[in-house]
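Annotation comment: TrEMBL describes 8-260 as domain 'G-protein coupled receptors family 1 profile'. The transmembrane segment annotation in TrEMBL covers 28-53, 65-87, 99-121, 164-189, 210-233, 239-262.
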Amino acid sequence: MYTAALTGNCLILLAVRRTPSLHQPMYYFLSMLALTDVGLTLSTMPTTLAVLWFDHRLIGFNACLAQMFFLHFFSVVESSVLLAMSFDRFVAISNPLSYASVLTNSVIIRIGLAIVARATVSLFPGPFLLKRLNFCPGKILLSHSFCFHADVMKRACADITVNIIYGLYVVLSTVGIDSLLIVLSYTLIRHTVMSLASSRERIRALNTCVSHILAVLVFFIPVIGVSMIHRFGRHLPPIVHALVAYVYLVVPPVLNPIIYSVKSKPIREAMLRVLRGKRKG
């Protein structure tokens, strides 16, 4: 599954890079999404492989904190990229004549830098807030095969009120706000689409959003599942926690390339050209 995730997203990156006709805002944002999924997959592989083939104790506490930072970093970045893509769809549908002038290369670069800065500032305090805690020797086993903030802090033999407040703040100020703004974007898109005179134009406009809507669902449903399991599923067997965690880690990076290659003919054709070029090479 990790190989499929890395292969699919790297193909999208190569396809967009090597195809001049895909040098458009929508595909630049898709490249950001693919690059984020590559980072998310790579950030979770070391811990998962250590759990499956070695020993969880081989993963030092500092390595766990670093892995936790990058895991949550790429999750926040992916949420922000999906929000940027919803803005891209709103501009393309509501004001197509100004699309190219609004989403210029410089604007896209600034959006990308803002996404990275937001994730870094939001998550930078996390490892330090955990490192100040004392952890119980008998509570070293994690519920998941990766270092999840909510899971790690519960292993502490200390007051974790500050960590709980911080975790809630990060979730609400990033994924929470992003999800609300994505819903707002599609509310405005729906209003614009319904004002179109022709039903064929309405279907064509909505069809350009299908891939993004599926990507949003593929990302946010596992995120909600992990959060709900941690909040209300303490009595559930460990296998349920592990299964939800694997879905959260693997499903979005694996399915996103499939979604966009199936629904987007230009992406599909560009990916096939990359594969044919590799075979000839």
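Cβ atoms are placed via backbone N, Cα and C, with glycine included.
Note: TrEMBL annotation is automatic and uncurated.
Beyond the ends of the transmembrane segment (239-262), by six or more residues, the same chain brings 1-2, 4-6, 8-9, 11-12, 30, 33-34, 37-38, 40-41, 44, 48, 78, 143-146, 148, 211, 214-215, 218-219, 222-223, 225-226, 229, 233, 268, 271 to within a C-beta distance below 8 angstroms of the stretch. Regional average pLDDT for the domain 'G-protein coupled receptors family 1 profile' (8-260) in the model is 86.
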